[in-house]
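S.K.: According to Swiss-Prot, the protein carries these features:
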ACT_SITE  SER196  active site, nucleophile
BINDING   ALA79, GLY80, CYS81, ASP82, LYS83, ALA103, ASN160, ASN193, LYS231, THR259, GLY289, GLY318, TYR339, THR340  FMN binding site
BINDING   LYS83, ASN128, ARG129, LEU130, GLY131, ASN193, ASN198, ASN260, THR261  substrate binding site
Amino acid sequence: MMFNFAQPVYPLVLTAAKNNPENAHQQLLKTLHRLDENRHTVWGKWILENLDHSFTFEDSRLQQNLWGLTFKTPVGLAAGCDKDGLAAGIWDHFGFGFAEIGAVTLHAQPGNPKPRLFRLPQDKAALNRLGANNQGAQKVAQTLKETWQRQPRQIPIGINLCKSKITPLEQAAMDYVGSFRYLEEDADYFVVNVSSPNTPGLRSLQEGEQLNVILQELQSVNSLTKPILVKISPDLSWESIKLIIKLAKTYQLAGIIATNTTIKREGLKTNILEKTGNSIQEEAGGISGQPIRQRSTEVIRFIYEQTQGTLPIIGVGGIFTAEDAWEKITSGASLLQLYTGWIYQGPWCISNINRGLVRKLEKYKLSHISEAVGMDFNS
């Protein structure tokens, strides 16, 4: 017997997430990890079947091949959700076409002091200053190896690599390379994260020479020729983005992920952060969700225009609906990622977005999603 899984309990999950979002999230990941460990038991199979029934939707018109990988749908899970890869084998059962693990650093690190994750419901946003808390590349590699032994990857898995807090900026390249060496066999693509606002000095690596060295060193050890992308900030100037595009071409990067969270606070409805009593202007961290939707789309359009559509873009930032997704695709994104939207809209939002994308294809008389990529520039 099948039923729409989680619908009766989702309001309870939301209440828990509101009271302590980080704790609720950790409990969810631990539960999903336990489910993965028991995927071959009777109850494990039953739950996974119900997840598939409730949350997945596939249509051949949405399937794409990029970098030698098959993406059944264009909607993936953004980094920041599953930092240690605990649920890496489960995300396909929620309808995601791919999932990005991390951010992962070479050295395990606890992240910043708590509280460090806040929901801003008035803005349909989140503020996080987690600080890349994760178990470190070696442990994450072990977790992923065990996961793939139970069940081979069903969707492409990416790993978002970040610099360890204890590593000096001038040694950043070796930090990324060290993580990559541990993890290169356990994922399908890799992301150089130089845009998180929560690791001191990290965003300065986007500017020129140091990113140059990181990309050079990574590609020099990339013997399996894994696709490597770079994830950029929405707060960069157009000139800085042009420089990153140039580096992407020089080092034959697979694409650009646009964008990470913003440190800007303009236009927010939230004035005071309830949990701390402080003004939102004074609170450190990156904002994700609806407030960055427009800016991330502008960055996507700029990259697509500058590269004439020759460099694949993964669009992320403020995707809640099929309309949001369509806007990013027609602006130039081949693939999409979301996390904050998934939390606010519930786990049904992935299949809702994919169904909505198919309706858009039918409306515009297009036979495949790839025809919609950058469509705004062709009309």
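Note that Cβ sites are derived from N, Cα and C of the backbone, with glycine treated the same way.
Owing to the predicted nature of the structure, the values given are computational and were not obtained by experimental measurement.
Buried or exposed, and what's around them? Tell me for each listed feature.
M.R.: The number of other CB atoms found within 10 A of the CB of SER196 (active site, nucleophile), across every protein chain shown, is 24.
Other C-beta atoms found within 10 angstroms of the C-beta of CYS81 (FMN binding site) number 21, with every protein chain shown included.
Listed in sequence order, GLN109, GLY111, ASN112, ARG116, LYS165, ASN198, THR199 are the same-chain residues at least 6 apart in sequence whose CB falls under 8 Å from the CB of GLY131 (substrate binding site). Under the DSSP three-state reduction, GLY131 (substrate binding site) is assigned to coil, being neither helix nor strand.
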S.K.: Just how many other Cβ atoms lie inside 10 Å of the Cβ on LYS231 (FMN binding site)?
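M.R.: Taking all protein chains shown, LYS231 (FMN binding site) has 26 Cβ neighbours within 10 Å.
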S.K.: Within the same chain, and leaving aside LYS83, ASN128, ARG129, LEU130, GLY131, ASN193, ASN198, ASN260, THR261, name every residue whose CB is within 8 angstroms of the centroid of the CB atoms belonging to the recorded substrate site, in sequence order.
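M.R.: Output for this site, in sequence order: GLY80, ALA103, ALA132, SER196, PRO197, THR199, GLY285, GLY286.
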S.K.: Tell me the coarse DSSP state (helix, strand, coil) of SER196 (active site, nucleophile).
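M.R.: Reduced to three states, the DSSP call for SER196 (active site, nucleophile) is coil.
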S.K.: Going by DSSP, give the three-state secondary structure for ASN160 (FMN binding site).
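M.R.: Going by the DSSP assignment, ASN160 (FMN binding site) falls within a strand, counted as strand.
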